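Student: Here it is, the structure, as structure tokens.
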Amino acid sequence: MSDVEKHSIDEPHASEPYQRPPGLKGLYYHPYFQCSMLGFVCFMGPGLFNALNGLGGGGQVDATTSANGNVALYSTFALMAFFAGSVNNKLGSRLTLLLGATGYSLYIGAYLALNIHPHAGAFLIAAGAVLGVCAGLLWSAQGSLMMAYPTEQEKGRFVAIFWSIFNLGGVVGAAVSLGQNFNSKSNSVSNGTYIGFLILTLIGVSIPMLMADPHKMYRTDGTKVSAALRKHPKWSTEFYSLWVALRTDPYILLLFPLFFASNWFYTWQFNDYNGALFNIRTRALNSFIYWTSQIFGSIFMGYILDIHRFNRRTRAFLGWGVLVAMVLIVHIWGYEYQKNYTRESVSVTEDPNKIDWSDHGFAGKIWLYIFCGFLDSMWQTAAYWMMGAMSNDPEKLAHFAGFYKSIQSAGAAGSWRADAVGLPYMNIFASTWALLLGGLVCVLPMLHWRVKDTTSLADETLVRMDDSGKIHAVEEFAPVEKA
């Protein structure tokens with residue numbers, strides 16, 4: 001066995017094995033606890049944002065302004081997220097998370113303003129653009145920590161823990177909306193719903209500064225999370241590291257089509273199915289059940305991807321097969337409903353004929369929405385696991401998470417824009433189906449050639465990069481503790 005193969009990034013660098021402190025300090029610095037805190041940051045921000053979007057049109061009667069707001073959001077999100085890994089690695093994950101969380105309060109406040117002043121659409125679109133910048137920062141930091149804290153045998157489990165807590169935000173937000181609108185058969189939500197969401201997002205802004213410093217974190221097997229040489233890198237070095245991450249691990253490019261498809265389906269699910277067919281209280285119920293189903297979907301996929309009796313490559317292909325099956329089930333089923341209505345045949349204004357949960361035939365439609373929730377969470381869990389199978393380094397994973405969210409947001413911007421300009425529902429549905437299957441085909445070579453049973457130090461180029469941008473050979477690597 002060569003020296004390169006002997007040295008794993010997961011090997012402890014200290015002469016003495018790490019002993020986790022007892023009591024509350026040990027609990028606080030435990031990776032599971034920190035992953036849970038990370039989940040609550042996103043519970044209070046993106047989770048509530050998802051609950052609002054899940055109502056269709058952000059809970060508004062006319063979904064066009066909401067769709068344009070989402071176009072602005074995902075356009076700036078796509079641009080910022082691509083470079084957000086460099087910002088995260090320079091500022092640190094906690095500050096990056098805090099800056100990112102603030103944008104969600106502004107955006108939900110803009111919906112409240114629109115509900116009070118119907119001509120405030122421009123403010124909502126501007127708030128969406130600001131949120132895109134903030135979201136790029138938040139999700140890069142989130143991805144870095146969530147994928148770096150677990151051992152290689154726990155990555156599916158950590159994604160499932162995070163995704164479950166994060167989606168509790170959607171569950172709670174939808175439950176608040178459902179309670180507010182339980183007796184309403186109108187098609188827009190009340191001011192109280194937006195105020196409740198706004199208060200919760202403001203609480204979430206404070207959580208990142210209560211989290212542990214990632215440089216003081218150790219995994220459950222005693223290995224140090226951050227072992228990079230860089231102590232005080234310059235901005236130029238961090239942006240150069242982005243290029244290095246792409247150049248030295250080009251297999252990440254094969255994940256880009258999968259990333260692009262990973263939010264495309266929201267437009268059809270939220271606006272063109274839930275928003276188009278159901279009244280507000282039924283949309284709120286559907287949203288509640290959708291986000292609840294995501295919890296179970298992520299737990300199931302996390303379990304599949306962490307089955308210890310199979311090697312990592314086998315688990316990768318097993319997860320891939322499950323995704324193919326889910327895409328086919330959801331879209332063959334969805335086609336049976338979509339072929340029966342068009343954008344012109346369903347009114348986006350006050351329509352007493354929109355479906356209520358008391359109507360005949362509702363059960364089949366809500367079960368489809370449950371399976372949509374399963375598919376979403378399973379897709380995102382698998383995407384994070386695939387990236388985590390390529391690296392254990394939080395700084396490299398920050399770049400990967402940034403690429404993920406950038407490409408994902410570019411797709412979402414295109415999808416929301418297609419809806420805003422009135423593209424036929426069937427066209428959006430068909431494009432969703434095609435992109436999901438195409439993304440799964442493109443990722444196959446990466447799963448075959450890049451996924452290995454463990455990640456070696458030879459794979460972790462950024463760990464071996466110093467403050468000047470020089471990349472050291474594996475043989476001369478000596479980790480430096482960060483101040």
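The first residue you see is number 1, and the count goes up from there.
Even glycines carry a Cβ here, placed using N, Cα and C.
Predicted automatically and left uncurated, TrEMBL annotations should be read as such.
According to TrEMBL, the record shows the following:
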- 32-51: transmembrane segment (TRANSMEM)
- 71-88: transmembrane segment (TRANSMEM)
- 95-114: transmembrane segment (TRANSMEM)
- 120-139: transmembrane segment (TRANSMEM)
- 160-182: transmembrane segment (TRANSMEM)
- 194-212: transmembrane segment (TRANSMEM)
- 251-268: transmembrane segment (TRANSMEM)
- 288-305: transmembrane segment (TRANSMEM)
- 317-335: transmembrane segment (TRANSMEM)
- 366-385: transmembrane segment (TRANSMEM)
- 428-447: transmembrane segment (TRANSMEM)
Student: Given pairs 6 or more apart, does the transmembrane segment (120-139) have at least three Cβ pairs under 8 Å with the transmembrane segment (95-114)?
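Tutor: Result for the transmembrane segment (120-139) with the transmembrane segment (95-114) is yes.
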Student: Can you work out whether the transmembrane segment (288-305) touches the transmembrane segment (428-447), with the criterion being 3+ CB pairs under 8 Å where the paired residues are 6 or more apart along the chain?
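Tutor: They do not touch: fewer than three Cβ pairs between the two stretches lie under 8 Å.
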Student: So which of 32-51, 71-88, 160-182, 194-212, 428-447 has the most C-beta pairs under 8 Å when paired with the transmembrane segment (251-268)?
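Tutor: When the Cβ pairs under 8 Å are tallied, 428-447 comes out ahead.
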Student: Quick test of the contact rule: Cβ under 8 Å, at least six residues beyond the ends. What residues does that give for the transmembrane segment (317-335)?
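Tutor: Same-chain contacts beyond the flanks: 268, 273, 301, 304-305, 307, 310, 368, 371-372, 374-375, 378-379, 382, 385, 429, 432-433, 436-437, 440, 443-444, 447.
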Student: Is it the case that the transmembrane segment (160-182) and the transmembrane segment (428-447) have 3 or more CB pairs under 8 Å, with pairs at least 6 apart in sequence?
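Tutor: Contact between the transmembrane segment (428-447) and the transmembrane segment (160-182): absent, because fewer than 3 Cβ pairs are under 8 Å.
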Student: What residues elsewhere in the chain lie close to the transmembrane segment (95-114), defined as a C-beta under 8 angstroms and at least 6 residues from its ends?
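Tutor: Non-local partners: 38, 41, 44-46, 48-49, 52, 58-60, 65, 69, 73, 84, 87-88, 120-121, 123-124, 126-128, 130-142, 191, 194-195, 197-198, 201-202, 204-205, 207-209, 211.
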Student: In terms of Cβ proximity under 8 Å, which residues at least six beyond the ends of the transmembrane segment (366-385) contact it?
Tutor: 143, 146-147, 155-156, 159-160, 163, 167, 255, 258-259, 261-262, 265-266, 269, 273-274, 285-286, 289-298, 300-302, 305, 316, 319-320, 322-323, 326-327, 329-330, 333-334, 337, 357, 404, 436
